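Take a look at the following structure, please.
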Amino acid sequence: MALPLPPGLTQNEVAFLAEMEMVTVVPRQRLDTIDLLSGRTPQLRPPHRAQLPLWLALLLKKQRRANIVPPAWMHPASLAEIIHRETKEDPEAFSAPPPPPSRALYSQPGTARRLNHHASYLDDFSQTQDSQQQQQQQQDILSPPFLPSNVAESPAGYLPYHWLEVAEALLTHAGDDMPAPAGEVRSLLRDLVEVRAAKMRSSTSALEGFGDAWLTLRGVGAMELAENRAFLAGLVDGVRKIGASAEATRREEEEEARRGGEYGGDGDEDSDEDMGL
């Protein structure tokens, strides 16, 4: 008999899913393509960069066959900017998620289009008629957790959906590839985790109002949701029970007041009739 599992993803499951994030690597030796369930990996030709899933990049890093290029948001300057934004500029809201990637159109100067696939950073003028499969991939619309937010080309100053899991994996297995000493990056990440955890706890005060209370989770990462899901679910359930009890008490008081008014009205009519008015 299977044990009952809590609703939602556990922290280990979230960390496992984060290994599907695309990262940028610099290969040390040549490697042919590999057929994966998600598709073929690009050919690795030193010193050209390539994008691989995080789990494969970590495997090549352990085998000393590639180096991992950390994303721009893991630079100390970017982390310090995010901390300043969340503590000084907007202490109540979380940092906005990274915007979808875009690329300037060669055929239409001054305009740009959004690219929703990690393999679509090519110029539109370099596409040929026989590249129908690649064009079909460029038309795919993907949700934020599957956008290329951890590659070298990703913008700085934004935290991706799996930022905490990716940072922990890179610092653990590729600390020598960091743009700064691993201790400095860990210290900034620790400060950021504490700031966002305190913000998550304080934001629950918005649920004190019954009926129209709401809580925004825009910009919250996957691991943060997994860690606080039980707390938030219990809080919402407790507020719902308190609200239901208060509503039931209010209805009982209104019913008693209405009945008391009816009894009082009948007594007044009787007294008026007795007085002959």
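In case you wondered, yes, glycine gets a Cβ from its N, Cα and C as well.
The compositional bias 'Low complexity' feature in TrEMBL is assigned to 124-140. Residues or ranges marked as compositional bias 'Basic and acidic residues' in TrEMBL: 248-261. Per TrEMBL, compositional bias 'Acidic residues' is recorded for 265-277. For 11-69, the entry in TrEMBL reads domain 'DNA replication complex GINS protein PSF2 N-terminal'. Residues annotated as domain 'GINS subunit' in TrEMBL: 142-242. Annotated region 'Disordered' per TrEMBL: 89-108, 124-147, 244-277, in sequence order.
Walk me through where these features lie, including what they touch and how far apart they are.
As a summary of secondary structure, the domain 'DNA replication complex GINS protein PSF2 N-terminal' (11-69) carries 17 helix, 20 strand, 22 coil according to DSSP.
Helix, strand and coil counts under DSSP for the domain 'GINS subunit' (142-242) come to 65 helix, 0 strand, 36 coil.
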Summarise the model's confidence over the domain 'DNA replication complex GINS protein PSF2 N-terminal' (11-69) as a mean pLDDT value.
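Reported value for the domain 'DNA replication complex GINS protein PSF2 N-terminal' (11-69) is a mean pLDDT of 92.
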